[in-house]
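What follows is a short report on a single structure.
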Amino acid sequence: MSKTVVLAEKPSVGRDLARVLKCHKKGNGYLEGDQYIVTWALGHLVTLADPEGYGKEFQSWRLEDLPIIPEPLKLVVIKKTGKQFNAVKSQLTRKDVNQIVIATDAGREGELVARWIIEKANVRKPIKRLWISSVTDKAIKEGFQKLRSGKEYENLYHSAVARAEADWIVGINATRALTTKFNAQLSCGRVQTPTLAMIAKREADIQAFTPVPYYGIRAAVDGMTLTWQDKKSKQTRTFNQDVTSRLLKNLQGKQAVVAELKKTAKKSFAPALYDLTELQRDAHKRFGFSAKETLSVLQKLYEQHKLVTYPRTDSRFLSSDIVPTLKDRLEGMEVKPYAQYVSQIKKRGIKSHKGYVNDAKVSDHHAIIPTEEPLVLSSLSDKERKLYDLIAKRFLAVLMPAFEYEETKVIAEIGGETFTAKGKTVQSQGWKAVYDMAEEDDEQEDDRDQTLPALQKGDTLAVRTLTETSGQTKPPARFNEGTLLSAMENPSAFMQGEEKGLVKTLGETGGLGTVATRADIIEKLFNSFLIEKKGQDIFITSKGKQLLQLVPEDLKSPALTAEWEQKLSAIAAGKLKSAVFIKDMKAYAHQTVKEIKNSSQTFRHDNITGTACPECGKMMLKVNGKRGTMLVCQDRECGSRKTIARKTNARCPNCHKRMELRGQGEGQTFACVCGHREKLSVFEKRKNKDKARATKRDVSSYMKKQNKDEPINNALAEQLKKLGLDK
């Protein structure tokens, strides 16, 4: 009997498909049933070959070899997942298999994952496509009843290949040209370089900003504070201090008369469910998690604990087929501290509405929500628990009723001038009951509501004090990882002067990068020492500034990505041949390399040290990495690097913040931002005192984490080994 191979993108999805398709026989990287064989990728198993794959002459980076444009580009199996590729290939090539169902993610990249595997395996069998937005049993069953011909998605595949090949052709050649021309480790690309340019633009705006003082007036009356409002502009501040000085003088001794009372019943609905970017923003804001860290923790909640749905989603809505599963999901999380809210929702009944259910706004995957898996909070690490809490509370909030309140606005007059105050009376906490109010209170001080006394129109109030308030306009805030993610998702503010069509295209296609790649892009900018962190703020380095002066202008603008997306969409729609687009990209690569070769600019290492590289003898560069300070060889091919100061997991005995380990050998010293300094030898003695309280498991776990965080030159881990606490 002939069988059908179903190719999923990940093992977890493969297991879901296998369960529905009754494939229970376990094999090496697959599950088999009477009719179907379900196997899976691990994301991409196949990729485009590096330049070295086209000949030994490309192992060395030389300007005269550029541009490198192989015909055609070759596919290679990714080494670290080669075992799974072979497992998939063995199923695809079975003689009893006469059909393939592509069940990877419903999108451009999902199509590429599957088709490249099939192409590299050299399989020529009929293809069907499973195109579903969620992996519930119902969705899978309906999807298999409506399988579509693979030919319908060939244009989508062509657009995916075009995107990948264009990124290779432009990225490889521009990076090698910059690195060899300027003898510095420089990299660029159509996503990372515009992202770097946005950081530089923000820094330039901050440096060019001139603060302007402003002034206002507050009047303290019985039971409340009134704020002066300009009658014409309706603003509560003026940039002319003469205005407030004159008013303070003229209004002395005057009473306030209530001219108007406006009472309005209002409702506030819960914020939308999380997509990956919004969750990364919130996790950074609440807990200081990096974008990469959030994705890593989220992946564990999804794959290991099975407590949340697919992480790499760009949708903040659910599809209608998920609604019948909501009760089971609620029951799975019916433990403290969520049980009381689950009980309220079940008692009230689950009411779906367009605030969180919208099929039109779900593409590949729906929003991140809890699964029906029973929640055991004690099995989660601190970070996992924090992230789950964000997801769980947002999920509960959208199922709760609206927050209802009555807003009262008081308009009073003092000596003919208008003063206002706002108050709020809560009628029903609704969804806000789920949250600690301190979490949600992001309002500016000027806008905060007061508890107002009982008032009537015409009431006269004694003015106790009149006070001038003042402040200064503030420059734009520097990016942190959360706000940078937002800018990447919506870069329109950095596209002034570009065609409206390009701005619109980027808005429709999700901005720079994807939800799955943005964290890696930011991490790459850190690891390339193009940006650095000071506290939570991101600064562009001297190297980053110089790179932007050296790269062609096109590569610095988000417009390049927008132009590509327009053409890739046309390829997917069958309106443009991919060969035409690739021909343009090859011409663009030639132009870019030529521009870099002919550049008269130079790159200056302003961070060069007097320390010679132990490998090649060239002077090393001092760079601030994401986790500490390093010495890096200026020769890219040497690649030697050494950590000289780094953030550790050792806590300051005074303020309990993480300390930095500085220096080399016996002179190594821990330093904390609070000013505490502690020699490594003193640290060892303190650890010895705690030895009786530290279990082998504690120390082993600690050292594993240290090695995972930063395996290079980890002096702290070495010293812990010497203490023998892990024996």
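Residue numbers in this text run from 1 along the chain shown.
Positions of Cβ are set from backbone N, Cα and C atoms, glycine also.
Since the structure is predicted, the reported quantities are computational estimates derived from the model, not experimental observations.
Of the given residue ranges 187-192, 415-420, 607-612, 625-630, Swiss-Prot assigns the label region 'Interaction with DNA' to 187-192. Within the model, the domain 'Toprim' (3-136) carries an average pLDDT of 94. Scoring each of the binding-site residues (Glu9, Asp105) by how many neighbouring Cβ atoms lie within 10 Å, the top position goes to Asp105.
Within the domain 'Toprim' (3-136), the DSSP-based counts of helix, strand and coil residues read 47 helix, 33 strand, 54 coil.
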